[in-house]
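Engineer: This is the structure I have questions about; it appears just below.
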Amino acid sequence: MSKIVKFLKELATPSHSMEFFHKPASNSLLDASELNFVRRNIKREDFGHEVLTGAFGTLKSPVIVESIFHSRIVACEGGDGEEHDILFHTVAEKKPTICLDCGQVFKLKHISSEGEVMYY
């Protein structure tokens, strides 16, 4: 095969294959494990909660965020039909956190062990 043909094939072939996006690296056992859980639709405990759902949080009735830690990061994308870009907030035990974009209120509930975490 001539050098020109090889060069043209390299130009036409993407630098990655689509398999890159679907298969973990062969030396990454954790990635393979995560992929198997996703394929079988099994929830792994070490990933934590999937999504917090419920009513829009207000000062009188905030969204309760459970955690075995003293703070947790939550993502807010709005509510009540008015969505906004995702904003990430650190919710701590001391006081409720209010989203500056939509006004939704989040409050951390510290729990003593992993066995007490609610699943949504």
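Including glycine, each Cβ sits where the backbone N, Cα and C put it.
Relevant sequence annotations retrieved from Swiss-Prot are reproduced here:
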- SER2: blocked amino end (Ser) (MOD_RES)
- CYS76, HIS84, CYS99, CYS102: Zn(2+) binding site (BINDING)
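For each feature listed, report its degree of burial, its nearest neighbours and the pertinent distances within the displayed model.
Structural biologist: Listed in sequence order, CYS76, GLU77, GLY78, ASP101, CYS102 are the same-chain residues six or more apart from HIS84 (Zn(2+) binding site) with CB atoms under 8 A from its CB.
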Engineer: When neighbour density is defined as the number of other C-beta atoms within 10 angstroms of a residue's C-beta, which of the binding-site residues CYS76, CYS99, CYS102 has the lowest density?
Structural biologist: CYS102
Engineer: Starting from the Zn(2+) site formed by CYS76, HIS84, CYS99, CYS102, give every other residue of that chain whose CB sits within 8 Å of the mean position of their CB atoms, in sequence order.
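Structural biologist: Neighbours within 8 Å of the Cβ centroid, excluding CYS76, HIS84, CYS99, CYS102: GLU77, GLY78, GLY79, LEU87, LEU100, ASP101, GLY103, GLN104.
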Engineer: Quick one: what's DSSP say for CYS99 (Zn(2+) binding site), helix, strand or coil?
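Structural biologist: Going by the DSSP assignment, CYS99 (Zn(2+) binding site) belongs to neither helix nor strand, so it counts as coil.
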